[in-house]
Every structure is written in C-alpha cells, then in structure tokens.
Amino acid sequence: MFSEPGKSKFQIDLRRHLRSQNICDNLIHLICEIAEASKYVINAVRTGDLGVAGTSNLYGEEQLALDVLSDRIMRKRLIHSGVVCNIASEEMDEIYQVTTDSNGLYSVAYDPLDGSSLVDVNLAVGTIVSIFSGCDLLQEGRKQVAAMYILYGPRVSLVYTVGDGVHEFTMNQLMEFNLTRENIRMQPDGNIYSPGGLRNKYNEGDEKFIRYLEAKGCKLRYSGGFVPDINQVLMKGKGLFMYPALNGSPNGKLRLLFELNPMAFIIEHAGGAATNGKIPILDIKPEGLDQRAPIYIGCVEDVNRAMEYVYKS
C-alpha cells in the first residue's frame, strides 16, 4: 500500500486512499459524504446549543439539541448522496426509506453524536457509522461492507475499514482528512481496560474478571465515551473495553446496530475480537432497531479470558 503501519510519507487524502481499496465508486462516494457531514457536526459541537431539545428518542432518553442537530446534518447528507436506500439513526424511531430501489445502493445505521452528554464538560465525543449493501439493515454485523467512526477530540480523526485493514485520517487546518496511520493492528494481549456500568451491579463472573485484570496490572482508562475509549484501545493496540450485562439490565446498555456492530467490525479487522460473552458480536442476528447487547471488545486474549469468566458464572 502507501506506507508502513503508522507512517505516512506523503499527504494522502481520504478519497485517494479509498480508491486504492478495490471498492465501487458508490461506496467511495458514500464514505466521503459522511466525512463531509462530520465537518458540520464538529462545528455544531464547538458552537451549538448545549441544552435539551424537549424530545426523546426510541429508547425514551431525553434528546439534547446537539443530538437532534447532528442527526439532521447526517441524515440530510445521506439522503442527498444518491447512493443510500435506507437510513437508521439512534435518534429516529424507525427506518427512513429514501428509495425502494436497492440496486447498487447502501443502507446506513449511525449514531450521529455518541456521548453527547459529555460535550458540556468538554470531553471527546464521536459519530459511529455502519454500512450494508442493499436495503436490509437487520443483518448480522459480519455482513457490513464498511464501518467507520469520527472522533471529535483535541484533533478530529476518522477511522474506517472496508474489510481490508483499518486506517486513520486526521483533519488538517483546511478541514481535509489526511492519512496518519495505515493498517492499524491490535496486539494479542493488553494492559489497559475501560469498564462501563456500575460495578456494584456486575455479575459474579464480571467482577472476577475485573479482579483478574487488576491483578495483571492493567490500568483503568475510562472516559464515559464509547468512541474515545474504543479509539484509545485501538490506537494503543492493547487493551479492552467492556460494558457487561448488569443486574437489572441483562442486555447491557449499548446498541447493537448503532454502536456495537461498527466498532466490532473495525476491531476485528485490526486483529482484535468482540463478543457478548457467548458469541461474536458480528454473529448476532438483530431482531429490531433498539436491540442491545453486552460487549467485551479489544485484544483477542483479553476477550477470550472475559468469555471464560462469564461462561463460568
């Protein structure tokens, strides 16, 4: 390809890199349109209203004004891209049908602003995107043709995979995405962990797993934002994020379509693994837009060890 992993000798922009990936023009166009939309989202994050919108999403959660605005930005860009037939957003109650014609088109599921409640305290947030070929969004995550996230932190970075390596781009002063890391790979074992959920609600197996990680010398690194926490695990190449089943919440908190599938697709293609404690996240057949699942995601050996503890419990 263009460079060794983690190195970029020349300024390679997103579109040029996508053209090297042996994918069709429509998919290149779609990913670039999402990247363009993110430029408006980051502007909204930096300057937008931090109050509530007075509405709720399909999970009954109160929507922030930034959630609604970010969703509107992303949805409008997807509709006018000309290559999308169905859209599902964490902020919408049902699938938005752009066209009944699925020939050569894609369906997109996304979380427009994951971690939006962290904006008012100036912590990192992000956009998460899952792309399927055709009009069926309720497929196993393994059938995704692409997945990506955009992290809005001190720098704005975009990470994507189309099934052939995981690559990072960083927004420059001209708001262009240039390649900064190529073919990112996870190590087999890690030394950081990001545990979500209240620990006093953990099941016995998860509590024992946490004690195992602590005894191993793993460092706790948790921001409360799914995108920055996954980004840390991926970029360090060593670690684990977990949001397990909790007492009273057997399916955990995170959404399969909008959060888990795209992140699992990215991590697996970087040499990592993702499971709900029993089977790979990417093998779960979704039954609805609002489906949730526990997750253990990161280095293969840590994920396998988590499964052992969960299975024993």
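Think of each number as a place in line: the chain as shown, counted from 1.
The backbone N, Cα and C atoms fix where each Cβ goes, and this holds for glycine too.
Positions annotated as Mg(2+) 1 binding site by Swiss-Prot, on the basis of sequence analysis: E90, D111, L113. Secondary structure at E90 (Mg(2+) 1 binding site), as computed by DSSP, is coil.
Feature annotation from Swiss-Prot assigns Mg(2+) 2 binding site to D111, D114, E259; the stated evidence is sequence analysis. Over all protein chains present, the Cβ of E259 (Mg(2+) 2 binding site) has 26 other Cβ atoms lying within 10 Å.
Annotation source Swiss-Prot lists substrate binding site at D114, G115, S116, S117, Y222, K253. Every protein chain shown contributes to the tally, and the Cβ of S116 (substrate binding site) ends up with 23 other Cβ atoms within 10 Å.
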Inset, instruction - Check the Cα-Cα distances from E90 (Mg(2+) 1 binding site) to the binding-site residues D114, G115, S117 and tell me which is shortest. - result: D114
Inset, instruction - Take the C-alpha atoms of S117 (substrate binding site) and D111 (Mg(2+) 1 binding site) and report the distance between them in angstrom, rounded. - result: 13
Inset, instruction - To the nearest whole angstrom, state the Cα distance for the pair G115 (substrate binding site) and E259 (Mg(2+) 2 binding site). - result: 11
Legend entry - Sparsest Cβ surroundings (other CB atoms within 10 Å) among the binding-site residues D111, D114, S117: S117
